[in-house]
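The block underneath contains the structure these notes are about, expressed in structure tokens.
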Amino acid sequence: MRDYEEVTAFLGEWGPFQRLIFFLLSASIIPNGFNGMSVVFLAGTPEHHCRVPDTANLSSAWRNHSIPLVLQDDREVPHSCRRYRLATIANFSSLGLEPGRDVDLEQLEQESCLDGWEFSQDVYLSTIVTEWNLVCEDDWKTPLTASLFFVGVLLGSFVSGQLSDRFGRKNILFATMAVQTGFSFVQIFSINWEMFTVLFVIVGMGQISNYVVAFILGTEILGKSVRIIFSTLGVCTFFAVGYMVLPLFAYFIRDWRMLLLALTVPGVLCVPLWWFIPESPRWLISQRRFKEAEAIIQRAAKMNNIVAPAVIFDPAELQELNSSKQQKVYILDLFRTWNIAIITIMSLFLWMLTSVGYFGLSLNVPNLHGDPYLNCFLSALIEVPAYITAWLLLRTLPRRYIIAGVLFWGGGVLLLIQVVPADYYYVSIGLVMLGKFGVTSAFSMLYVFTAELYPTLVRNMAVGITSMASRVGSIIAPYFVYLGAYNKVLPYIVMGSLTILIGIVTLFFPESFGATLPETLEQMQKVKGFRCWKRSRNSIQREENPKVLITAF
């Protein structure tokens, strides 16, 4: 019996067909980059204070002093959610009293913003915050908006793999792209915050499903030497490209509805890809649709200028692919023994807290000093060298040390932000970007590291449950950003401390670099503290081309 890769080896690894699939599938990820982070600008909160109606009978002096001042970042600014009681200051104004001279402002009674708010338009013309007044008593709705998007991502993670197994990779890829684009378009016509957030959940489901299915389709079509590059540099870098496009759109389009309309256009432009991206031959074979799979390989061979065999897939030869039965495994197998349970629990925390750091830093960009559009672009740009660095480190160095190292780097520079003087905000921005670099590098290494720790029997399940933990991290990340309402540096102190903590935990993992991939639960390495697992030369050579197929969630 020959396997699929042996049968299709005549195609080569990097011909015109493989290059086309690599770049088209990677390009389909670009809309995920700006849809995943669009909440940064759609739900941006501009400076605001209570509205004082024009009908209020106030002198110019009292109108200028109608809002109490509070100390924020070592400077006095108008209170965002309180004003002096309008009836009281109107009475003082009618009596000809002057604020501060005849009346002690600190003794005046205050009230909430009964007439709404005045929002600054220096940065945003409109956002969902200004549209539906998501400030003060309702400011909890802003982080909840981002969290609900990631709830949709979590739900999409559950169903995307199952749907693609049932209906095919290509069909679900374009169906989920349609869901993401279509419901983003419908969001433009939202009449209230509740409608917007419900639609945002569905957009999140489509966003991750598109990402996952494109990942699966690429890993099943491309050869093993290209597969690792596609799953790291290809998918991740094009996601970062989409992320970089977002602030460019947002800079020129500062109305949230028009911005959302502009972000749906690239999704429509992906429609022609239907005629260029084929179905997965592996999936077709699993459905016993051998003629369709063979037609795809024949076209690929023609594109690569290679003469294909007359019969590529012999059903009798590949029968074992369909008839072989694997041992059933359950999620409790990841906790079967004390050693396995410790590794699983540490992996869950590693994924979750790394995700908190990544999404927390990404969503906190508008709260940085300086231009939020430039800061967002830099936050996206720093991901490209982070992915390249992660790929280079994975090829040559022990896993737990490089992951712990970049986490220590990321957490350490975030903790330094609190000692930077307020006037040196550009230094703080630089430290945030360096922290994002470290956390992003670590995040991109986790799939490979987790897949190498677990045996073949439960490998996909382990990667699945741990990446689900990362979705939980993304759901709670907006609330770490929300801490900035109390203190600007508090989010960085918390995220930096947690990043260093999980970096320490990483040192207690067994080392997987160069070790033979385990096939059974009994072959899993033990938690050995700081002692490094010994490696043989043969195992190191095997590492250069590991036979790991990771299914992303």
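Heads up, the Cβ atoms here are built off N, Cα and C, so glycines get one too.
Please treat TrEMBL annotations as automatic predictions, because they have not gone through curation.
Feature annotations, reproduced from TrEMBL:
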DOMAIN    88-514  domain 'Major facilitator superfamily (MFS) profile'
TRANSMEM  20-43  transmembrane segment
TRANSMEM  172-190  transmembrane segment
TRANSMEM  196-217  transmembrane segment
TRANSMEM  229-253  transmembrane segment
TRANSMEM  259-277  transmembrane segment
TRANSMEM  338-360  transmembrane segment
TRANSMEM  372-394  transmembrane segment
TRANSMEM  401-420  transmembrane segment
TRANSMEM  426-449  transmembrane segment
TRANSMEM  461-483  transmembrane segment
TRANSMEM  489-509  transmembrane segment
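Under the criterion of 3 or more C-beta pairs below 8 Å, with sequence separation of 6 or more, the transmembrane segment (372-394) and the transmembrane segment (489-509) do not qualify as touching, having fewer than 3 such pairs. With pairs at least 6 apart in sequence, the transmembrane segment (489-509) and the transmembrane segment (196-217) have fewer than 3 Cβ pairs within the 8 Å limit; the two do not touch. The transmembrane segment (426-449) shares more Cβ pairs under 8 Å with 338-360 than with any other stretch in the list 229-253, 338-360, 489-509.
Across the candidate stretches 20-43, 172-190, 229-253, 338-360, 461-483, the maximum count of CB pairs under 8 A to the transmembrane segment (489-509) is reached by 338-360. Counting same-chain residues at least six beyond the ends of the transmembrane segment (401-420), those with a Cβ under 8 angstroms from any Cβ of the stretch are 350, 354, 357, 389-390, 393-394, 427-428, 431-432, 434-439, 441-442, 445-446, 449, 489, 492-493, 495-504, 506-507. Between the transmembrane segment (338-360) and the stretches 172-190, 259-277, 461-483, Cβ pairs under 8 Å are most numerous for 461-483. Per-residue confidence over the domain 'Major facilitator superfamily (MFS) profile' (88-514) averages 85 (mean pLDDT, predicted model).
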